[in-house]
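Student: These came from TrEMBL, pasted as-is:
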{"type": "DOMAIN", "residues": "1-117", "note": "domain 'Acyl-coenzyme A oxidase N-terminal'"}
{"type": "BINDING", "residues": "123, 162", "note": "FAD binding site"}
{"type": "DOMAIN", "residues": "259-420", "note": "domain 'Acyl-CoA oxidase C-alpha1'"}
{"type": "ACT_SITE", "residues": "405", "note": "active site, proton acceptor"}
{"type": "DOMAIN", "residues": "460-638", "note": "domain 'Acyl-CoA oxidase C-terminal'"}
Ligand SMILES: CCCCCCCC/C=C\CCCCCCCCCC(=O)SCCNC(=O)CCNC(=O)[C@H](O)C(C)(C)COP(=O)(O)OP(=O)(O)OC[C@H]1O[C@@H](n2cnc3c(N)ncnc32)[C@H](O)[C@@H]1OP(=O)(O)O
Ligand SMILES: Cc1cc2nc3c(=O)[nH]c(=O)nc-3n(C[C@H](O)[C@H](O)[C@H](O)COP(=O)(O)OP(=O)(O)OC[C@H]3O[C@@H](n4cnc5c(N)ncnc54)[C@H](O)[C@@H]3O)c2cc1C
């Protein structure tokens, strides 16, 4: 199963080897539990491990393999981030995709050797989503052949970029490029921020940390201001766009090609989210198979809480989602790598499809991951609320994904643009022009769903039902939009008035893609036992998801009430079937105790001993009487007794 999850036997084996090596290297372990550290201590601890990794990485992993790097990162540095998180996730990808060959030769080897630390500075205090209204300017000075970076007012301060505050000395900065008083829109520039020897900010740069966040606090998200700060013309990233010495602007082959670093993260973060969801579920499911509370049959002893149907219903559909996200994520990364290769050689024809797909997936996956992690936390009762479970930290990090790389509502609306264009093709009889991901919009569906009507139809009728509801909602939302415009509404106003319906269409389309990716994967599996276990999980997935969106299929009578009863019964049937495999389905992800960082979810299952040991090690327990008591509470009580 691990091979299915991680993509191959070899990958699963390598993960085990890497975990085993790390287990033997105490210098790479947390020196004490992270929840007992201050933010400063955590940052220090992370930097300590990071430097050891820079020295020893080659002994543990193949540093050119992103999957091995990611695993090493999760084990050693953990999901709370590290001082170079953005260096790998965005700075290097931005240089790789947007710098010219000559620029790459100058900067990439230095970045890869970690001679310099970089980040991606785009968002500002006043604008994140609406890139067209960023305020930082890069004005070309023809006389010196330099760009002058400037922050005209407080809202133009860069705000949020990870590791910008204290760790990075370089950044890819996105600023509006102005040449001879003409604004060419946001463009990426390579900018040195700090002196390479002293790490002091360079003159003209104001920089710092934005303060503690809901989670992800090892990362020093930062602010940055420029006071007429000059950089050479050749620091504009020039793979696709060029500015010649005389100020001539050469436009890129696609207007949004400079957004590629964002698409990179959107494509890769899906598996990151799947891992966080599976981690939280692993903790909760292990704990639920140890925790005994109450009886189902009063004549019998207390049961493991995992025997309760409500507990299974809380956890198992999310187990199915974690697998589904992992499989959909693997497909998306493949597509991304293909499009990136094409893009580098000038073929931009697939960019729109990739953008639409990743925008939808990013939104649905992060939202459902957050839901699943929070349910996992509640499924642990009181102990879920303790940092000993570590689930609240996992939640805090994962839920950030709903916001970063494009706020979810906004990204769903990006997919909706693509769906509305596709709907227009269908309506004008040009269905043959539809891309493969939306081809179903042009296919006539049966008048009613055939779920429960055709024996041994596998998952086909489920997929057709998802296609039907997605198509119907897309066409309905598009009709509403076109209708408003026909009535004379301005395009943008009409769009806003339909945006809730449009986003519903985007979610349904994305959920269909996720279901199809799961079906495709199960169909490919040769090993009969693995296929059987995943088929059970897929049954739960399609029935649970369909029940969740049933109102869309009921409103036009595509599904009947009796079919809905059947679907509901199937959910209950598969909850029971999955119960014996539940812990194994999560243990198959092979997270080590070091990586999970959860006292509650340790592999040994000694929950109570571990919790008591952990509580005793709390810094508050170093002394029996705290100074808060001697200084305030004791005098208060004494005064009251007089
Ligand atoms: C095995 C390895 C695993 C590695 C895993 C790593 C994963 C790590 C996981 C977890 C760890 C946590 C790590 C945390 C890192 C945090 C990093 C966070 C970094 C950031 O947040 S950076 C800042 C991100 N900011 C945004 O995303 C801003 C969002 N806004 C936008 O993207 C745009 O403004 C917009 C897309 C919303 C609108 O752009 P705009 O220019 O105004 O364009 P429109 O007018 O709306 O559209 C015009 C037209 O363009 C099309 N289009 C837009 N974008 C693209 C694109 N990227 N590609 C192609 N086409 C695009 C759009 O669809 C329109 O087309 P149309 O006119 O409809 O045809
Ligand atoms: C953990 C974390 C890490 C980050 N790292 C980085 C980084 O490394 N580099 C970087 O540059 N940035 C980074 N960011 C910033 C992040 O990319 C932005 O916060 C994000 O893009 C959302 O933009 P915003 O904050 O402007 O939200 P806003 O756009 O102000 O969103 C507020 C609300 O307005 C709604 N809204 C906005 N526009 C529209 C619209 N057109 N239609 C409908 N509704 C709309 C949104 O849906 C939302 O409900 C990070 C953020 C976080 C939380």
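Cβ coordinates come from backbone N, Cα and C, glycine included.
Heads up, TrEMBL stuff is auto-annotated, nobody curated it.
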Student: May I ask which residues of the same chain, at least 6 positions away in sequence, place their Cβ under 8 angstroms from the Cβ of residue 405 (active site, proton acceptor)?
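Tutor: Residues satisfying the criterion: 262, 265, 266, 269, 362, 411.
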Student: In the domain 'Acyl-coenzyme A oxidase N-terminal' (1-117), how many residues does DSSP put in helix, strand and coil?
Tutor: 86 helix, 0 strand, 31 coil
Student: Non-local Cβ contacts of residue 162 (FAD binding site) (under 8 Å, 6 or more apart, same chain)?
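Tutor: The answer is 81, 85, 86, 89, 90, 119, 120, 219, 220, 221, 222.
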Student: In terms of DSSP three-state secondary structure, what is the assignment for residue 162 (FAD binding site)?
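Tutor: SS state of residue 162 (FAD binding site) = coil.
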Student: Average the pLDDT scores across the domain 'Acyl-CoA oxidase C-terminal' (460-638) and report the rounded value.
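Tutor: 97, rounded to a whole number.
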Student: What residues, ordered by sequence, lie under 8 A Cβ-to-Cβ from residue 123 (FAD binding site) and sit at least six positions away in the same chain?
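Tutor: Expected: 158, 159, 160, 161.
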